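Asks: This is the structure, below, for whatever I ask next.
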Amino acid sequence: MLHILIYFIFFRDQILEMFDHAYNSYMDYAYPADELMPLSCRGRVRGLEPNRGDIDDSLGKFSLTLIDTLDTLVLLNKLDEFEEAVKKTVRDVRFDNDIVVSVFETNIRVLGGLLGAHVMADVLKQRGERMQWYRDELLHMAKELGFRLLPAFNTTSGLPYPRVNLRYGVVNPLSRTGTESDTCTACAGTMILEFAALSRLSGDPIFEENARKAMDVLWEKRQRGSDLVGTVINIHNGDWVRRDSGVGAGIDSYYEYLMKAYILLGDKVYLNRFNTHYSAIMKYISQPPLLLNVHMHNPTVNVRSWMDSLLAFFPGLQVLRGDLKPAIETHEMLYQVTKQHNFLPEAFTTEFRVHWGQHPLRPEFAESTYFLYKATGDPYYLKVGQSIVEKLNTHARVPCGFAAVQDVRTGTHEDRMDSFFLAEMFKYLYLLFSEKSQLPINIDDYIFTTEAHLLPVSLSTTQPPCHTNNTEPQAHEDDLFSYSCPSAQTLFPNNPTFAKTIRDSYKYLTGVGRAQQASSVRGIELPLHDTGLEPVEFLKSMGISLTPLTELVSASQGSAFQDSQKGVYKLKLVAEVSHTPEHEEVVPLIVQLISPPFLGQTVFTAGPAKFGTDLTKQQHGVKGSIMKSVPYTACGPIENAVELQGHIALALRGDCMFAAKARRLQEAGATGVIFIDHREGSSSADTPLFQMVGDGEPTDDITVPLAFLFSKEGATLTAALEEHHNVDVLLLPKEKQLGKEKPEKLNIKFRLAKEGELAEGETESTTIQLVLEQSETDTETNNEAASLMRENQETCSSLQKDPESSP
Ligand code: DMJ
């Protein structure tokens, strides 16, 4: 007994130390920014860092990480820090920001964070020891935020828009959103806990009503044959846009919120719906120990052969449901995967190979581990928790916090520490190693939201301000045994070997020599969406377009095949980046900055495109001054077409295909396009070059020159543009780089400026002058190019001496 106590204390202390390291790093280096960039030791401010696409929709300039962490501070007994952090939140955080955010992420992280913290503040205040100054400020903030999210629900169906502008809503022309037609199931179905809590705590029914309506639509739209839902739904007409159905990315927390809405709100309608879906999941998706995506209309067909890490929450939900056997099986499978790769990769195949190696410090596996330990009391799960702690310290800890892992195979880091790491990971780990009596609150009085914010189950006795529910007939009455959470007592009272017996059959799961059954349909393996969604747009941003089977089959296969696969979507993969086969060489390009003060000295290696002007055939390359496209991704109408005329456009990769961007920019009058990678930290120094290919359609209409820069080079180029306003570049094949391949033909000399030569206003520091000299043997190419540089040089005869710009 004593040694288990010591063991607990040891790990709790270690977890507290790790939390302090992560939280203090955020507060010291990043606050009031939304997130910490743990490798750069600074805050991530949206708009100031390269755009990462949809992931950035979590960032609303509202100190996201601080708010997401508030109730963790209480649970970890850091009550002074909590009081201080609440004061900061009230003093510093504002929501009237002209910024487009994800409705789902803002709800679970910020609204949930404020509500959880309000509840904690209230509890502490009631105890009379601290927070005596507190006057429900966090609840008022939550209500204000709730009203800012509400415009998203203004659709004919009642399903919310995926994004909202915090200041302008969705219909206002200034909102820069409101044109989306679909959303993911989890995005629409993960509002009810926070919105109902807000309604019941504030007395305004409008929030719960809207969230409930969205839940009702999803339920109505379930596939009646299979009782499954799809992954993406049209928010206007409720049609399914993606019909693959699983328990991970895109759907996960919809199921979680049905179960938890019942626990929080005491309304059996939610439980009945959950139980109906759960039976379907167990019939089709659960293929123990695997959880595989199937087609909602044809659920005996698997649609892919990989799983995503988000589904790791599911064993925890099964514990709440009281279904421990499959929970233990799936959790064990996940544990075996973490043993192989240190962390759960974002996606892994049914053979447990890495499919997508990223690991953004997700908490789902720790969450399930905690629930299983509480349900079974089996110390095995403490060992699992111990391994999570150790791996985080060994493989993710950096001097300024904890860094996401870019690829579990190489262990490389990414400059991000998502707010859920503080909101969720530390709660579950700390709880795992804590006795209930050691916690500052009675944990059984609360339910965890999907972001692990704490909402009091006592809300179930607070009727919603306007009572409109309980209209649905009771279904599956005989299936309602599983009210309790968890129900370990009834399932295996005092049988400590129960879990072990189940786990033992999965002991060699990932080991060699054990054939895994291949799934009946080997899905095309696609990367996952980072925020837990998998919208087609994201796949497009990776250069992948999807075509329904019907089109594909009728074009190529004939009707027999079509019939046998009726209703199944098959994916046509059009990768717009090609890692060129060996026999075909990628001809590297360069983007050379030729206007002052660069004068040809700054050169970036760039990737070519298989379409557009063939730069290898351009004797002298193509010159132009650069300008950013608006929108930067060039996936919508070009708003700055007038200014772009005659310029080489800069466009961010992502959201739509390269070819679509190029067409749009060419039409707007751009004379060329430089695409800039949206994957943070990529550079030509460590990423192999590829060439961009078209979108599967003819691309003859695209005639402007195109080049691709990785994000590090892209960031330098855009920084140059911001600083100097006019930046001329030359696009040409690397082999024709001016002054590189034939250095003897272009002499660049520096001479010290003599006293008295300084132009008016220049400081009296040493200056150097750049002189271009041509040898008589210069080729025509260099003649031309050198004259381009000379043209630019004329406007800048002297340079401040700067070791960076010296050769
Ligand atoms: C969290 O923000 C929530 O748990 C959400 O439901 C999905 N996953 C992330 C963490 O992985």
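Just so it is clear, glycine is given a Cβ too, placed from its N, Cα and C backbone atoms.
Heads up, TrEMBL stuff is auto-annotated, nobody curated it.
Pulled from TrEMBL, these are the listed features:
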| type | residues | note |
| --- | --- | --- |
| ACT_SITE | E105 | active site, proton donor |
| ACT_SITE | D252 | active site |
| ACT_SITE | E346 | active site, proton donor |
| ACT_SITE | E364 | active site |
| BINDING | T450 | Ca(2+) binding site |
| DOMAIN | 624-717 | domain 'PA' |
| REGION | 774-807 | region 'Disordered' |
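For the listed features, I'd like the structural context: burial, neighbours, distances.
Replies: DSSP classifies E105 (active site, proton donor) as helix under the three-state reduction.
Around D252 (active site), a 10 Å sphere centred on its CB holds 26 further CB atoms from the protein chains shown.
For E364 (active site), the Cβ neighbour count at a 10 Å cut-off comes to 26, with all displayed protein chains included.
DSSP assigns T450 (Ca(2+) binding site) to coil in the three-state reduction, placing it in neither a helix nor a strand.
For the domain 'PA' (624-717), the DSSP counts in helix, strand and coil order read 21 helix, 23 strand, 50 coil.
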Asks: Going by Cα-Cα distance, which of the recorded positions (D252, E346, E364, T450) sits nearest to E105 (active site, proton donor)?
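Replies: Going through D252, E346, E364, T450 one by one, the closest to E105 (active site, proton donor) is T450.
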Asks: Please report the distance from the Cα of E346 (active site, proton donor) to the Cα of E364 (active site), rounded to the nearest angstrom.
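Replies: E364 (active site) has its Cα 11 Å from the Cα of E346 (active site, proton donor).
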Asks: Between D252 (active site) and E364 (active site), what is the CA-CA distance rounded to a whole number of Å?
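Replies: Taking the Cα atoms only, D252 (active site) lies 11 Å from E364 (active site).
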Asks: Output: those recorded positions from E105, E346, T450 whose CB lies less than 6 Å from an atom of ligand 1, in sequence order; none if no residue fits.
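Replies: Checked recorded positions vs ligand 1; flagged T450.
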Asks: Counting across all protein chains present, how many other Cβ atoms fall within 10 Å of the Cβ of E105 (active site, proton donor)?
Replies: 26
Asks: Is D252 (active site) helix, strand or coil when read with DSSP?
Replies: helix
Asks: 10 Å Cβ neighbour count around T450 (Ca(2+) binding site)?
Replies: 26
Asks: Quick one: average pLDDT across the domain 'PA' (624-717), no decimals.
Replies: 90
Asks: Should E364 (active site) be counted as helix, strand, or coil on the basis of DSSP?
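Replies: Helix, per DSSP.
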